[in-house]
């Protein structure tokens, strides 16, 4: 029997509905980040940098882009004969086709995969956070405390603690109580959704709760472990960690990369972030262009001005265009004379000439005010924006739009144009 000390199970099936039109056609972990990466690159790179060479990636929502990106794991040195990376979609068992109905249910449905490696420990990860962590150090902490479950936690401002599962510990780090997204939190130690389970404990709890609807780690597995006398410990992490689950936090995390001294450094040699690289020409920046404090990826062609931006691969910024405080994903064109301000523009978008975004005063979005806020303009992949139109703040656009979609040539602040395929 193959024996691995610790394997990782990476949950990457989430839709990421709070990212709006950015995740219409891709799962949240497959969304581009930092110009050349995808969000899932960060936990995958953490695994290989931590010496973990066996990773199961659990996919579900819109898996094609994710599956293509991961492939057989070559960029992360996870193309192994034994172990390596394995994509684990839901599949039909005994005549029943079951979607994953919760985080723990997804792990339970892949019990056979885990048993193949007879691990001592199982690391449970989320595929949609931006951070660097040495999981081997966390495992050492788990062993030193003879823990059954170790939960990675980090201190957060108390006013934000109600968004997380909150841990209450004794003086030695042992978890005595926890609350899942409490209205009035009694602690600011928030769960990061990263767990190390001793295999025996994980297997026991999953089997005990196998019939629990929508079985979830925070709501069901951890309470079961606590109520059955398991040793739960909090591993405090004080590095950079960002949940990029909203458009505001996603935009902010990208902008933090271009700080003079970035809080999250993509350039460290000793902890590299790996990704699937396109075979693409070098970037080109013309003599007439202006580029200020920006990330410019391979294959980009800059003929206009770029200020405080993250520019993806194979992006073209045409002459006279000015782009500020924006994220432009790969294969996108910004037409000549356009003025792009505080926008998130997804992959393969065509922006016509003399388009202006981010105009006017803020107004609540008519479609999803809780999603499309932060003063941003959000444009979905493969969209087309006709020449000469103006687009206000807190707006969302998806599809091949025409001048007729913009009354008086403008989408006012808070507006939305969302076309289905073929419209």
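In case you wondered, yes, glycine gets a Cβ from its N, Cα and C as well.
Marked as domain 'Nucleotidyl transferase' by TrEMBL: 8-257.
The alpha-D-glucose 1-phosphate binding site annotation in TrEMBL covers 100, 165, 180, 181, 191. Around the Cβ of residue 100 (alpha-D-glucose 1-phosphate binding site), the number of neighbouring Cβ atoms within 10 Å comes to 24.
Sequence-distant contacts (6 or more apart, same chain, Cβ under 8 Å) of residue 165 (alpha-D-glucose 1-phosphate binding site) comprise 178, 179, 180, 181, 190, 191, 218, 222. Residue 181 (alpha-D-glucose 1-phosphate binding site) falls within neither a helix nor a strand when secondary structure is assigned with DSSP, and so counts as coil. Residue annotation for alpha-D-glucose 1-phosphate gives 100, 165, 180, 181, 191. The furthest Cα pair among them is separated by 22 Å.
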